[in-house]
Amino acid sequence: MLLFFILGLLVHFVFFGSIFDIYFTSPLVHGMTPQLTPLPPPAKRLVLFVADGLRADTLYELDENGNTRAPFIRNIIMHEGSWGISHTRVPTESRPGHVALIAGFYEDVSAVAKGWKENPVGFDSLINESRYTWSWGSPDILTMFAKGASGDHVYAYSYDADNEDFGAQDVTKLDTWVFDNMKEFFHAARNNQSLFSKLNEEKIVFFLHLLGIDTNGHAHRPTSREYKDNIKVVDEGMKEIVSMLEDFYGNDGKTAFIFTSDHGMTDWGFHGAGHPSETLTPFVTWGAGIKYPQRVSAQKFDDAFLKEWKLENWKRQDIHQGILPVDYLNNTDLFKAESMFTNAVQILEQFKVKMTQKKEAILPFFFTPFKLLSESKQLNILRKARSYIKQRKYDEAVSLCKELIQLALKGLSYYHTYDRFFLGINVVLGFVGWTSYASLLIIRSHSSFTRGVSKEVKKPSHLLSCSFIAVGVLVAFFLLIQDCPWTYYIYCLLPVPIWYAVLREFQVIQDFVISLLTFPPSQLAGYLFIFTLGIEVLVLSFFYRYMLTAGLIAFACWPFITQLWIRAKSISLSWIFFSLLLAVFPLMPVVGRKPDIFLVIGAGSLVLLLSLCVLTSLIKRKDRFINEELLLHLFQMLSIALSMYVVYSTHHSLLKKQGLPFLNQIISWIILASSFVLPLLSPTSLFERLFSILLSWMSAYLLLSTGYEALFPLVLSCLMFVWIQMEQETLQQSGVSYRQKVTSLQFTCNLDITQFRHLYLEDIRRAFFLVFFLVTAFFGTGNIASVNSFDLASVYCFLTVFSPYMMGALMMWKILIPFVLVMCAFEAVQLTTQLSSKSLFLMVLIISDIMALHFFFLVKDYGSWLEIGTSISHYVIVMSMTIVLMLLNGLAHLLTTKKLELYGKSKSHLI
């Protein structure tokens, strides 16, 4: 069985990784011939201002007094340049946003698995093609493009990463540092002939990355005074820089300016998903080659922003990255047409290279070309476009080039996803085969359906073995002659041994079918309907959190459907109460949007009150109480009290902009570390060990909470305690004669007792309950499928200096704490129901895999980027849950069964 779980873990890693080969492969194409516009550019230099995390609405809107927050930018819009909204794409993070701005394409999605800080693959960029680039700002962003550039022509000046502190008194210094250092640089250039000469050459880029707005947004929210005041600081700083540059270059009219943002930010201070507040960013440009403001009487947009911003009379031009925005250019129609023609030829060249690569890797009779853009059509469009330019029909040429660009982009997508269906079929075959094999293993070893069949695996027929070996060889040969990547061999060959293992159990399948035929058809249909309904509710809960509420309300009715209401009224009432109480959480707003520190303090107080009640009960119930146990219990209560103090103290310190107190930080890390050890010091009796786990992990959870979610693990754990007792009550109904009180059960006696009983239908319900509680643990306080559901304020008791990996790890641990609490309760359920952990765990994996298969079919690469990203994240979450379930099952077993003795043999003392 151990070998089975190891193989299962490997198989699920393969299924998990398949999504990155099917949907997360690099779209980049290499090997194209450079295409240049034959006409000279209007500008000699570009100044790029990127205000990280700046929302379009916050910049453009007027304040409560009717005044603009950015008078310099407002003046540019009305008197000097062009403006609009830049529509970014998911994920709305700094790295992909800057790649889109500076490299001209949407982020290589393979970077998802490789981090955002440095280039996962090589790509060309504006900075690489410049003669010289000077940049100032955050080390995370500047080094990304400096390391990706060829040659020694990119110069980056950045502050120390420790300055990116969300708890700092004034984070606008991140922006003023950039402005001050750029001023000093140009002042020094006047006395440095070599530098002065470089600055006066052509193809120069100045890149100013301004991180203060993003940092203030995370720390104080975009609606805060700090965020809005930071916009004023940036506006004033830009005004001074522009004035300095115009003076340095003698107002030669050869400088182009762009002011924009990499992404926006939600009202609760986060970004990463596809909410409009994250994807709508400002775009303002002026200077050489840029159109002056255009007065208009009316404009048609799907939103009401123009009227809100009082900009309805100034032409707004929205842009998307990757395609030349010719409407912004103030140049001749010939220049626009030639630029668009060059842009079209560049994208067409990518299409040709991609097609050639795919054609060479596939056998000729299997290759299906992109029919909408044949070679003859390419030549025809290019000839017509060139002919229009010669005939001075520039508008027609631009329109034709846009048509060619759209066709070429569709063709690129076609060849990029060419193998998607083929790979998908193989992954589905593997999924279905694995689920079938796991089901057969349960039927053969843990059920009464095959009593007449030998439990030993019969030697498979020679023909079956040879057939599958032949299939494997043919598949491998087919992949080899097409020069497929090594991962293709895994996806295509994995179903072969899996289905071999399934078909060798033919006798079990036959016996199971015969057993099913003995049931009335209506009864079978009813069971199938209930099972399908349960799976669909779990799937729908990923899209609609209120489905969890509906499920918990249905759970509350469970005692009335069975005889539990009659036999155990007090336990049934507790089950109903806590089920309905937990059902409230999915109806509440996502965590972080409305932080309330007093709810965290209230949750801690309830835990302390509950601890006192439990301690009193234990003292009364035990004739002898060990001093070490009492000290442990009191120490855990002290940890809860310290967590409450740290949360309150840190919150007020950050409000006063005094940063994270060092003492608070030390206490927080000690409490987090001790939460893993303290439960192992408690007695292994079921109730005491579970309560010790709750106290230790609640102390850590409180430090990671910002509002009502602090109550969630407490309510969930109370329901888990009642669930354990409810399951024991169902044993009488199941006909199991052995029954022991919950208070007398020891985790150390959790042995595999499959020999005593087989699985019942009631056990499928138990497995479903576990999966439902795990999904509730994931989505009970937020939609973790959306990156913007996370709140950086959750980790401020541990650190405030920006550290994406450490912050991400802490937030993931916050998600996993309720998960582990449920798994520990599941250990107790297995103990109380006298059931093998292996059989129940197999059923849980089967249910999870069926859900994963659902989401595999629901993954899409069309529609809005929010829909695409959500569909992919749902599959990733279910697959992660299946893999993590295997790992956390071991952690839960360790937490519940292991006992540490710090002082040798414990001595008992009367209390």
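Using N, Cα and C of the backbone, Cβ positions are placed for all residues, glycine too.
Keep in mind the model is a prediction, meaning the values are calculated, not measured.
Look at TrEMBL and you will find 410-864 tagged as domain 'GPI ethanolamine phosphate transferase 1 C-terminal'. Residues or ranges marked as transmembrane segment by TrEMBL: 421-443, 463-480, 486-503, 550-566, 573-591, 597-618, 660-681, 710-726, 767-785, 805-828, 840-860, 872-895.
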Is the transmembrane segment (486-503) close to the transmembrane segment (710-726), in the sense of at least 3 CB pairs under 8 angstroms with a sequence gap of 6 or more?
no
Go through the chain and flag residues at least 6 beyond the ends of the transmembrane segment (872-895) whose CB is under 8 A from any CB in it; none is fine as an answer.
5, 8-9, 12-13, 15-16, 19, 23-24, 542-543, 679-680, 689, 693, 774, 778, 784-786, 816, 819-820, 823-824, 826-827, 837, 841, 844-845, 848-849, 851-852, 855-856, 858-859
Counting only residues 6 or more past its boundaries, what in the same chain has a CB within less than 8 Å of a CB in the transmembrane segment (486-503)?
11, 14, 17-18, 21, 419, 423, 426-427, 429-430, 433-434, 436-437, 440, 460, 464-465, 468, 471-472, 475-476, 479
Could you give the mean pLDDT over the domain 'GPI ethanolamine phosphate transferase 1 C-terminal' (410-864), rounded to a whole number?
84
